[in-house]
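What TrEMBL says about this one:
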- 46-186: coiled coil (COILED)
- 45-170: domain 'Autophagy-related protein 16' (DOMAIN)
- 223-264: repeat 'WD' (REPEAT)
- 307-349: repeat 'WD' (REPEAT)
- 358-390: repeat 'WD' (REPEAT)
- 391-426: repeat 'WD' (REPEAT)
- 450-478: repeat 'WD' (REPEAT)
- 479-511: repeat 'WD' (REPEAT)
Amino acid sequence: MIMSPNEIANNAIRHALRALRQRHLVEEGAHAPAFLALSRPIISQSSEWKEKAEKLELELQQCYKAQSRLSEQLVVEVAEGRASKSSIEEKDATIENLQQELTRARDECSQLKADLEMKIKAMELAISESQELKAQLEAMTIKAKNTEAENNMLIDRWMLQKMKDAERLNEANALYEDMIDRLKASGLEKLAQQQVDGVVRQSEEGAEYFVESTVPSVCKHSIRAHEGGCGTILFENNSGKLISGGQDRTVKVWDTNTGSLSSTLHGCLGSVLDLAVTHDNRSVIAASSSNNLYAWDVGSGRVRHTLTGHSDKVCAVDVSKISSRHVVSAAYDRTIKIWDLQKGYCTKTLIFPSNCNAVRFSMDGQTICSGHMDGNLRLWDIQTGKLLSEVAGHSLAVTSLSLSRNGNTILTSGRDNLHNLFDIRSLEVCGTLRASGNRVASNWSRSCISPDDNHVAAGSADGSVHVWSISKHDIVSTLKEHTASVLCCSWSGLGKPLASADRNGIIFTWN
């Protein structure tokens, strides 16, 4: 049976008192001879007994004092025992808590060990998969190298075939030029033109107004058109009205017969970088540095549509030759977008790796031609959005595209200061025009072909305008009136005048 601390203390006190009594009895036994001696004569031993009694009394007092000290010591030891027991209980509780924490730590350690084993297995699996993928990559790399070798061989064969086709085309062109010379001599030029151009020229709206272009040599009008520079100009179809756009965010329509301003179109929120007009001359579309395109109704002067979707400046725009609702644009977000002008939204987006500076619709409206910063000329299918063909047109960026009236030839100008004529059917170079003083001024410098497809006009950074004969591949006229870099040229569909615009915003018309 377990006793309480008080009971233990009481027992200890009783035991101590019992021990004192026993000691007292022992001491009394030790003094027994003294009692026997008392029975002897008292007179003779009285002094001795007195001394012994005093000693015994003194010893008894010392015993009492010792008993008192032992009692006090016992009380102190009991108190210390209680304190020790309390401390032991606290330490026992602490040990129990530590044991519980140790148990939890062991459980966590076991869980972490299991997780580590799972992670190790997953890592081993990933390493195995990585090795398999590496092996597959090596196999695909070998296959790609083999395919590239085969592709290079096919390209060489294709280029050889193209060269042969070009030779045949050159022969056909020579025969055509010879035929034209004979027909001119016999007075049958009109019949020959119809035989060459076929249905395309006969079906063009306004073709009855077409006349042979004249080589410009004299400045007719000087027009201060735009503040900050004029970046783009074009004539209305079969009309003498000139449309211009500039850094001042306006589009203006000019009467080139008088050099006067006919109307101003407002609403563009950025610099005008390119212009297009529908074949019925009812709508003008502007490409802007504000990342948008703006379509105006020429009659009312109001903005019909604001075409949004590009994420960078729009630098090129064109309208289909057979439909007034289809518009193509190119921007520096590396996309070409096809728009439905009637609905006012984008219907298709073409993505490519190089920024595009110029776009043109083919005569049938089914193909898009684009000129890029990498110097390449690309053809796209408008229905599928797929790249049909590609050719390296220039060593530097292509700055402009201009389509001939019959649609068979496209003029490309580049920052390498060359003006190349390509047969759009085969993408073979028909001719290259250059001049020692002709330097293309910007990434959006626009050159043009005359309406009779006989001449090319292009501006230069020195302020001059050069006119080449396509058949002779030689300069037939150099126009010098501009005092700043010439950025664009445009030829009226009536054969004259030729217009040019410069970086100071001045437009010159030439007869």
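Cβ from N, Cα, C; glycine included.
Annotations in TrEMBL come from automatic prediction, not curation.
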Overall pLDDT of the coiled coil (46-186), taken as the mean: 84
Outside the repeat 'WD' (358-390), six or more residues from its ends: residues with CB under 8 Å to it: 200, 316-323, 326, 328-330, 336, 338, 348-350, 352, 396-403, 406-407, 410, 412, 414, 416, 422, 424, 427, 443-444, 446
Helix, strand and coil residues within the domain 'Autophagy-related protein 16' (45-170) as assigned by DSSP: 126 helix, 0 strand, 0 coil
Whether the repeat 'WD' (391-426) meets the repeat 'WD' (450-478): three or more C-beta pairs under 8 angstroms: yes
Tertiary contacts of the repeat 'WD' (479-511), as residues 6+ beyond its ends and Cβ separation under 8 Å: 206, 209-214, 216-235, 237-240, 242, 244, 246-248, 254, 256, 259, 400, 441-442, 444-452, 455, 457-467
DSSP residue counts for the repeat 'WD' (307-349), split into helix, strand and coil: 0 helix, 24 strand, 19 coil
Folded-back contacts onto the repeat 'WD' (223-264), same chain, C-beta under 8 angstroms, at least six residues removed: 205-206, 209-210, 270-277, 279-281, 284, 286, 288, 296, 298, 301, 444, 446, 487-494, 497, 499-509
For the repeat 'WD' (307-349), distant same-chain residues with Cβ under 8 A (at least six beyond the ends): 204, 270, 273-280, 282-283, 285-295, 355-365, 368, 370, 380, 382, 385, 443-444
